[in-house]
Amino acid sequence: MAQERRGEWGSKIGFILAAAGSAVGLGNVWKFPYITGENGGGLFVIIYLICIVLVGLPIMIGEVMLGRMTQRSPVGAFRKLDGEKSLWQGVGWLGVLSGFVILSYYSVVAGWALEYVVIAAKGEMSSGNPALMSERFGEVSGDGPGATLWHVAFMALTVAIVIGGVQKGVEIAARVLMPLLLLMFLALLVYATTLEGFGEGFNFVFGFHTDKLGAGSILEALGHSFFTLSVGMGAMLTYGSYLRKDDDIIGASVAITIIDTLVAIMACLVLFPITFTYGMEPEAGPSLVFTNIPMAFAQIPGSTIWALIFFLLLVFAALTSAISLLEVCSAYFVDELGWSRTLAVPVCGLTITLLGVPSALTFSTATFGSGMEAAIGKSWFDLFDYVSSNWMLPLCGLGISVFAAWKLGDEARRVQFEAGSTLGKLQGLYVLWLQVLRYVVPAAIVVVMLHAIGLF
Ligand code: PFF
Ligand code: NA
């Protein structure tokens, strides 16, 4: 019965589109460049790429697999496989909780992007003055009530779409908008190569330098590899639960990982040349994309329309990610507590909206910003980001990987791995993946975490 109630993806490529839509978002365009800047580029990027290949991708495969095997959302998936009283359900709960925390501040950033659509439409991005652009961002993020309203608007949009059901909207949005976003970055990249600061920017991203690499950098790179791929909280598990028996999990996971990584690297290769060309700050933090992109557009004809398209695409990318986050949160109440979708989605949406208000106020009030920073070393906004992506996702990911690698029956797991997949049937690939998931992934997560708390 439960099986019949569940939707399936409308087409074979539906899952790839939706999962890629979940993966590609603010994490690639906003967060990755700014943390790369803060961590000095170079070595940080390399560590991140290693984490993607060795940790993120193997977990994604395991996570999607658990979804398809159980046709459940995270908590129910573990119960179905391990029994009513299973403690593994805790891994699912942690994932659902991460969804609430992440979306609460994610939506604040998406709200800024939404406001930038309006700012772009008004033609305010043609000035080509870095100081002015950075001041403008200060106004947007520093206006507490304004930022809160845009956050509410973005959440309302997300709720409205998720109430409608996952398949339709997301698939269409991703099919059209993802290629457009890639094209946009390709064009920007071509433009960036003509800039005086391209060499310096390129070297910043790929050069081998350790100067800014702090104690927390490795944890940050690891945490971001989870965040950017949307793994370690059950989003991929939930999307995987709508897959058909003969869909290719391995090919899809590899494709999603490649697309996500491409967008992130392209974003850096666009933003840092701009940074160095105009004497801006690589360590600008969360403002980076919002000040640099207008600089690029100001130099070319039709700046207003380009900036408008860019921020619209960014909002859509954020939206397809936010949808997957809200989907995980509400699926818990629908699948586990028997709520109707029309009740669960608004209730979760409202909770997340409220939870996000302190993040929206972080840049305007001392209480959630400088005051908290003085007291505990992090603003509310940074705290939510730090705890969810650097601790909750890797911990939950650890649980998912250990379960998939050690608890699942080998027979069933291999069938999942090979089903419909040319890549999955490649000689030795299954065993390689399993060994990585069994030993490398847990060891890496545990070692990085112990390192981060200063044990060695
Ligand atoms: N992967 C998204 C991004 O890079 O913007 C963020 C995200 C979406 C994280 C969904 C986690 C998630 F479940
Ligand atoms: Na991403």
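Every residue, even glycine, has its Cβ placed from backbone N, Cα and C.
Feature annotation from TrEMBL assigns transmembrane segment to 12-30 (among others). Beyond its flanks by at least six residues, the transmembrane segment (12-30) meets 64, 106, 109-110, 113, 166-167, 170-171, 173-175, 178, 181, 224, 227-230, 235-236, 239-240, 242-243, 247, 252, 255-257, 259-260, 263-264, 267, 286, 288-289, 314, 317-318, 320-324 of its own chain at Cβ-Cβ distances under 8 Å.
Taken from TrEMBL, the feature transmembrane segment applies to 42-66 (among others).
The feature transmembrane segment is assigned by TrEMBL to 87-108 (among others).
Residues 7, 18, 103, 107-108, 110-112, 114-115, 239, 242, 315, 318-319, 322-323, 326-327, 330, 341-342, 345-346, 349, 352-353, 356-357, 359-361 of the same chain, all 6+ positions outside the transmembrane segment (148-166), place their C-beta atoms under 8 angstroms from a C-beta of that stretch. The transmembrane segment feature in TrEMBL is assigned to 148-166 (among others).
The transmembrane segment annotation in TrEMBL covers 173-193 (among others).
Here TrEMBL flags 213-237 (among others) as transmembrane segment. Here the transmembrane segment (213-237) has Cβ contacts under 8 Å with residues 19, 22-23, 27-28, 31-32, 35, 39-40, 43-44, 47-48, 51-52, 55-57, 59-60, 63-64, 66-67, 73-74, 77, 92, 94-96, 98-99, 102, 256-257, 260, 264, 321, 324-325, 327-328, 388-397, 400, 444-445, 448-449, 451-452, 454 of the same chain, all six or more residues outside its ends.
Annotated transmembrane segment per TrEMBL: 249-272 (among others), in sequence order.
Counting residues 6+ beyond its ends, the transmembrane segment (305-334) has Cβ neighbours under 8 Å at 18, 21-30, 73-75, 92, 95-96, 99-100, 102-103, 106-107, 109-110, 113-114, 116-117, 120-121, 125, 154, 157-159, 161-162, 166, 169-170, 173-174, 177-178, 180-181, 184, 230, 233-235, 238-239, 289, 293-294, 297, 340-341, 343-345, 347-349, 352 in the same chain. The transmembrane segment feature in TrEMBL is assigned to 305-334 (among others).
Feature annotation from TrEMBL assigns transmembrane segment to 343-371 (among others).
Among the features that TrEMBL reports, transmembrane segment is placed at 391-409 (among others).
Annotation comment: TrEMBL describes 430-453 (among others) as transmembrane segment. Within the same chain, residues 51, 54-55, 58-59, 61-62, 215-216, 218-219, 222, 390-391, 394-395, 397-398, 401-402, 404-406, 413-414, 417-418, 424 sit at least 6 positions outside the transmembrane segment (430-453) and bring their C-beta atoms closer than 8 Å to a C-beta of that stretch.
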